[in-house]
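**Student:** Okay, handing you the structure first.
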Amino acid sequence: MDEFALIRRLTERRTRTGAALPPLAVGIGDDAAVADWPSGSQIVMSCDTMVQEVHFKRVTMKDSDVGYKAMASNISDIAAMGAIPRYALLSLSAPKNVPVSRLDNLYEGLYECAEQFGVTVAGGDTTSTPGEIVLAVTIIGEIEQGRALVRSSARPGDAVFVTGYPGCSAAGLHYLLGRQQAADSIGELTQPYRFLVQAHQRPQPQVKAARMLLQSGFAGALNDVSDGVASEAAEIAEASGVGLLLEEGRLPVHPDLAEYARLASREPLDWILGGGEDYQLLGTVRPEGVNELAALFSRHGIPLAIVGEVSERFTGVRLLRRSGAIEPVDKRGYNHFDN
Ligand code: ADP
Ligand code: MG
């Protein structure tokens with residue numbers, strides 16, 4: 001199949017599924033795409049690349065999962081600014097002899113996630129490579145002028161929050177790597193594996209949660225949890241010039257994570273602090289907004305936990321253990337990992 005036929009095959013079939021996506025003035029097929037841009041808003045841009053054998057392996061992810069997650073991780077970066085994802089560009093490098101069905105599946109996942117979050121695929125690039133599949137996604141979003149939620153706006157006295165259940169993706173990965181079975185051939189999984197594997201393969205970027213935060217007016221700093229709670233908290237602490245005190249007893253532990261950790265003789269805390277790829281949100285809120293936000297999130301069924309507070313008395317991240325001891329946490333997570 002020549003390159004043009006391949007591009008048409010990958011992009012044409014699913015561009016008009018009836019989802020209300022932002023329209024393009026000039027779409028796929030010309031030298032570049034053209035989109036209208038609303039006045040009073042700012043453009044938010046990011047890109048992320050997935051390389052087979054580096055970011056995913058065939059035992060951990062089906063091709064459709066890879067596509068889904070590539071789009072999801074990009075959308076998550078837009079969510080982490082409080083913005084709305086609008087357009088995506090896809091750069092695909094694939095070995096010449098790759099079965100087209102693999103690319104079909106990759107694009108199936110890409111489009112599934114794009115449509116779920118209202119993102120229009122505006123174009124991309126296609127090349128062959130002597131190596132493994134590389135998929136780079138560029139994402140473009142929109143935000144109200146001057147409202148972006150940055151890492152540097154945590155203030156002493158803010159509460160630290162997290163959405164969802166960080167650590168589940170890393171636990172799911174641990175399970176998949178232990179099985180060493182092609183991801184395509186894994187049938188229906190039972191608890192506690194199902195939720196964890198789902199968290200790893202199909203993470204849900206928190207666009208709605210971030211928009212609710214922004215609109216509440218109570219938001220401080222915001223990050224998405226791509227590298228584990230410890231690392232995200234450290235980034236906020238550093239950018240804001242403050243300390244973040246996390247409380248072990250308040251970090252949310254999903255029951256399936258607790259159960260799997262028990263079976264695998266691991267500490268849930270290690271995965272929560274040092275895992276990654278959860279694409280939940282970690283941030284700070286002004287203290288006067290905590291109750292209102294908690295009620296708002298609960299009405300919308302989005303798990304939100306207050307897990308600590310911002311302090312001016314130290315810098316970096318510290319963990320208040322259940323014992324009452326306070327320990328420093330490094331970027332890679334709790335210091336268990338060093339032993
Ligand atoms: P050019 O030679 O002008 O760079 P291309 O042949 O690379 O054009 O691309 C033709 C059209 O197909 C463009 O609209 C481009 O954005 C789109 N496109 C190319 N590759 C991909 C891809 N892998 N996924 C989505 N769209 C693509
Ligand atoms: Mg091109």
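Even glycines carry a Cβ here, placed using N, Cα and C.
So TrEMBL lists these for the protein:
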type    : residues                     : note
BINDING : D31, D77, D224               : Mg(2+) 3 binding site
BINDING : D48, D77                     : Mg(2+) 2 binding site
BINDING : D48, D125                    : Mg(2+) 1 binding site
BINDING : H55, E277, Y334              : substrate binding site
BINDING : Y107, G124, D125, R151, S226 : ATP binding site
BINDING : D227                         : Mg(2+) 5 binding site
DOMAIN  : 29-143                       : domain 'PurM-like N-terminal'
DOMAIN  : 155-313                      : domain 'PurM-like C-terminal'
**Student:** Near the Cβ of D31 (Mg(2+) 3 binding site), how many other Cβ atoms are there if near means within 10 Å?
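**Tutor:** There are 6 such Cβ atoms around D31 (Mg(2+) 3 binding site).
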**Student:** Show me the subset of G124, D125, E277 whose Cα is within 10 Å of D227 (Mg(2+) 5 binding site); these are the binding-site residues I mean.
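**Tutor:** Of G124, D125, E277, within range: E277.
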**Student:** Considering only the binding-site residues D48, H55, R151, E277, which residue has the minimal Cα-Cα separation from D31 (Mg(2+) 3 binding site)?
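**Tutor:** When the Cα distances are compared, D48 comes out closest.
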**Student:** Distance between D77 (Mg(2+) 3 binding site) and H55 (substrate binding site) at the Cα atoms, whole Å?
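**Tutor:** Their Cα atoms are separated by 17 Å.
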**Student:** Enumerate in sequence order the binding-site residues S226, D227, E277 whose Cβ-atom distance to ligand 1 is under 6 angstroms.
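**Tutor:** Checking each Cβ against ligand 1, none of them comes under 6 Å.
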**Student:** Could you pull the average pLDDT for the domain 'PurM-like C-terminal' (155-313)?
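**Tutor:** Within the domain 'PurM-like C-terminal' (155-313), the model's average pLDDT equals 96.
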**Student:** Considering only the binding-site residues G124, D125, E277, which possess a Cβ situated under 6 angstroms from at least one atom of ligand 2?
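**Tutor:** Within range of ligand 2: D125.
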**Student:** Between C-alpha atoms, which of these binding-site residues comes nearest to R151 (ATP binding site): H55, D125, D224, E277?
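**Tutor:** Out of the listed candidates, the nearest Cα belongs to D224.
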